[in-house]
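Chemist: Structure incoming, see below.
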Amino acid sequence: MAGANNKRKCFTCDRENNTYTCEGCSKRFCVIHIPEHHQRLNEELHHIVDDYNEFKERINEQKQYSQSYTVIEQIDQWGKVSIEKIKQKAKDSREMIIGSLQTCINDIETKFNDLNKQIQQLQIQNDFNEINLNYLRNQLRKITEELNNPLNISIQEDPQSFISDIAIISSKKPKLHKWKENGITVAGGNGRGQQLNQLNDAEGIYIDENKNIFIADYENHRIIEWKYNGKEGQIIAGGNDKGNRMDQLNEPTNITVDQQNHSIIIAEQGNRRVIQWLNQKQQILIDNTDCFGLAMDKNGFLYVSDWKTHEVRQWKMGEYNNEAIVVAGGNGEGDELSQLNYPTFIFVDEDQSVYVSDTFNHRVMKWRKDAKEGTVVAGGNDQGRNLNQLSEPQGVIVDDLGQIYVADYGNHRVMRWCEEKDEGEIIVGENGEGNQSNQLNLPTGLCFDHEGNLYVVDWGNDRIQNYNLRTNNIFHRMGMPGPAPIPLLGEMFNVVRRGMYKNDMALIKKYGKIVGIYEGTIPIILVTDLDILRNVLIKDSHVFINRRTPEGGVGPFEHGLTTLKDEQWKNARSIVSPTFSTAKLKAMHSLMNDVSDMFNERLLEYADKQEIFDIKTINGQYTLDNIASCLFGIETNSLKNENIILINHLRKFFTFTLARIFLLIIFLTPRLGAYLGKKGYSFLPMDSMEYTTTIVNQVLARRRQRLEKRNDFIQIMIDHEEEIKDQEGQQSKLLKKTLSDKEILSQALVFLIAGYETTSVLMSFFFYIMATEPVIQEKIYQEIRQEIGDDEVTYEKLNQLQYLDMVINETLRMYPPFIRFDRVASKDYQLGNYLIPKGTIINVPVYPIHHDSEAWPEPEKFIPERFLPAEKAKRHPMAFLAFGDGPRQAQIFALEAKLGIVRALRLVEFERCERTEIPIQLGNVTILNSKNGIFLRVVRRSQ
């Protein structure tokens with residue numbers, strides 16, 4: 001604290017003596033009075049510690065009683081008198097305040113803890129002075145002020161609502177997720193010029209699916225294509241000085257691409273025309289127009305903004321000689337809702353609503369289809385820098401959530417607005433005008449790539465900036481919880497590492513019942529909220545008809561029910577569904593009995609030899625023989641080790657090597673998957689698909705020639721063909737058409753894979769339960785003896801075994817064969833609190849639903865009585881999804897399993913052995929199976 005000095009006067013006694021300087025106050029003290037000074041500093045430190053402890057108690061009180069905050073009481077009162085429809089608003093507002101208070105108090109507590117560490121450090125070191133104490137006092141004062149006034153909150157009512165709405169007004173704004181603050185220069189940025197690595201007053205841009213950037217290079221009178229990660233661009237139109245020749249451009253302002261023929265459409269302000277550029281040839285589409293902005297909608301209509309006539313017009317592609325339709329403005333220059341003032345950039349959404357940057361009115365207008373006037377969706381409050389203002393807005397785009405992005409040209413920033421909100425938020429360019437990576441200078445054009453990354457034309461800096469959205473994916477913009485995606489792999493990395501069922505459990509535990517994740521680069525929503533699932537799978541099932549399919553590489557599966565979409569799916573399903581009627585299943589029963597005879601012979605062999613065996617192997621053979629017989633009309637006899645070549649090919653469909661998993665991940669990336677599919681690659685075994693296709697085509701040919709007839713799936717399809725031929729000229733009341741040979745093969749392969757996994761996995765876990773739960777096995781056996789005895793096991797008698805059904809269902813609950821199934825939204829949809837866009841994939845993780853303790857108390861215990869009628873009535877209908885939402889197709893697989901189980905249990909008793917794994921370990925793949933073999937032994941029953 002102090003240093004020795006020569007003889008000088010002591011500050012306390014004023015005597016000249018050997019003195020020591022205090023570094024904090026710079027005063028000198030003698031050897032007698034320096035300890036007194038030190039003691040006084042210690043006392044002041046103790047006072048600060050006491051104050052700290054006092055405020056620590058106040059923090060704990062605030063944490064304990066934060067819910068009694070007066071504003072929350074007002075919200076509670078408002079919630080009670082409001083109608084049921086808006087009670088959710090009160091809940092959300094209450095949670096917002098509690099969360100804000102808790103966050104604020106946690107922040108204060110963190111600061112107090114940091115201060116406490118500093119105090120403790122000073123006490124330990126015993127080396128401090130006035131400077132240290134003043135710093136501690138100031139810190140304590142600031143924290144005290146923050147604690148005394150943690151939040152300035154009030155309620156703002158909206159009198160325009162049918163009842164008074166409320167909003168939370170807080171002095172502490174929530175942290176909004178933004179793009180990465182620092183942009184990456186992806187084009188230009190090498191000064192203003194006409195070299196291939198330079199730009200000169202670029203205006204509009206277009207990003208293709210490969211992230212190549214097409215740039216309207218205004219003052220260079222050219223269109224530049226800048227390849228993804230390229231160091232320079234290449235001229236694809238113009239670049240031959242300013243002019244109106246066929247090889248020249250004059251001040252191009254905007255560009256778009258016609259997806260039909262991949263031609264480039266360019267707005268030329270200097271030549272007052274819109275041209276099409278295809279294969280180095282130019283064609284004038286629209287002449288004598290003071291064009292600026294361009295856009296195309298999904299129907300192929302072209303939209304052009306005219307800055308001089310203050311309007312936006314629409315042309316049908318190929319009909320440019322006809323008079324255009326005015327879709328925005330057209331009522332002269334002005335600031336009325338029916339007018340525009342210098343419209344520039346435009347955007348058209350899927351509903352053909354037109355968004356217009358109304359530049360000199362400092363606003364963005366939205367004109368709905370056929371509307372006579374527009375609505376202000378951004379700005380419109382004079383020119384300025386406030387969050388409710390714009391300054392000469394330029395580029396405008398709308399994301400898949402309906403959020404509006406505006407290049408706020410005069411304010412050097414990009415803003416995001418939600419329709420009907422009074423203010424926008426700054427997402428890029430909060431640091432003022434400049435040329436740093438976190439600054440913009442007069443931004444103009446905007447564009448998203450297919451991953452949602454934002455591209456900004458930084459006009460004043462002659463560069464294109466990219467703001468990467470790796471940490472700002474679609475789910476963050478929705479406000480949906482979920483993990484940050486791992487580049488390229490997304491959650492597939494964790495699925496391979498942990499196993500899908502474990503990863504799903506971890507995600508739902510951490511993030512809740514609606515979780516946004518990425519598989520590869522594809523966004524997926526996991527939903528375990530049972531009420532929402534009921535809407536998706538039942539109430540609104542017409543919105544979720546389609547399943548997710550990989551892009552390319554599916555081979556003969558392309559015509560299967562899991563791949564077909566919309567009307568094609570409905571038609572195929574209407575033809576295939578009768579296969580699973582009661583009458584058809586009864587007809588297949590005899591085929592299954594033949595396979596069951598071989599299954600029982602194998603079991604008796606093991607019993608007589610007292611041999612330990614892997615039940616998974618024999619169940620797989622039983623299932624494969626049954627499906628091949630009932631669907632393909634082929635006797636594989638794998639239980640007798642016959643037809644080895646065919647069996648090996650069929651088994652390949654169920655063998656996932658590392659190479660196939662890698663290819664599957666690739667096919668989850670749409671662009672790469674589509675490309676590889678066109679090149680003939682597949683994540684399915686090509687040789688096995690070709691071999692199976694040949695076999696099925698041979699069976700079809702023999703059936704049509706009536707050389708053989710069986711009660712199987714292929715015969716049902718052949719019989720249906722003949723019915724349709726007999727009804728030619730008449731309208732079938734039941735079915736619309738027949739299936740082609742490719743479609744028959746596709747359905748058969750789909751049923752092969754779905755049935756094999758479902759039945760073999762179910763039977764394997766079922767027999768494992770029998771061996772490890774002998775009381776339950778004996779109860780099932782007694783039920784079989786009572787209901788069937790030694791009689792033939794018929795279809796009707798199988799349905800009388802109620803306890804067996806309960807045990808099978810409990811097995812499926814604990815070990816659901818398919819860990820997930822999915823649906824795809826065919827239009828924008830309100831999923832709980834989230835508006836999801838068309839094309840969103842909903843994934844239903846079955847394992848976490850089946851192991852949710854709210855629906856299933858003690859979920860890791862095997863309790864068949866959960867499926868007693870009285871217990872089932874207490875549960876939510878979506879709590880049990882063993883067969884997804886398609887139990888009709890699962891009937892054949894359930895029948896196959898029950899027949900094999902009942903006939904086996906009449907002959908043998910299953911027992912555990914020294915190689916039986918307890919508890920059983922589960923594998924990491926998408927199908928829930930045991931990680932290792934399930935080794936058991938069987939003994940003959942005495943009867």
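Quick reminder: no glycine exception, Cβ is built from N, Cα and C everywhere.
From TrEMBL, for reference:
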- 105-132: coiled coil (COILED)
- 384-414: repeat 'NHL' (REPEAT)
- 439-470: repeat 'NHL' (REPEAT)
- 653-676: transmembrane segment (TRANSMEM)
- 744-770: transmembrane segment (TRANSMEM)
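Can you tell me where each of these features sits in the structure?
Modeler: Taken through DSSP, the repeat 'NHL' (384-414) splits into 3 helix, 11 strand, 17 coil.
Counting same-chain residues at least six beyond the ends of the repeat 'NHL' (439-470), those with a Cβ under 8 angstroms from any Cβ of the stretch are 179-180, 183-189, 191-192, 198-207, 209, 211, 213, 215-216, 226, 254, 345, 394-397, 399-400, 405-410, 412-414, 427-429, 431-433, 484-485, 487, 521, 671.
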Chemist: Do you know the DSSP helix, strand and coil residue counts for the repeat 'NHL' (439-470)?
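Modeler: The repeat 'NHL' (439-470) comes out at 3 helix, 17 strand, 12 coil.
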Chemist: Which whole number is the mean pLDDT over the repeat 'NHL' (439-470)?
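Modeler: So the average pLDDT across the repeat 'NHL' (439-470) works out to 87.
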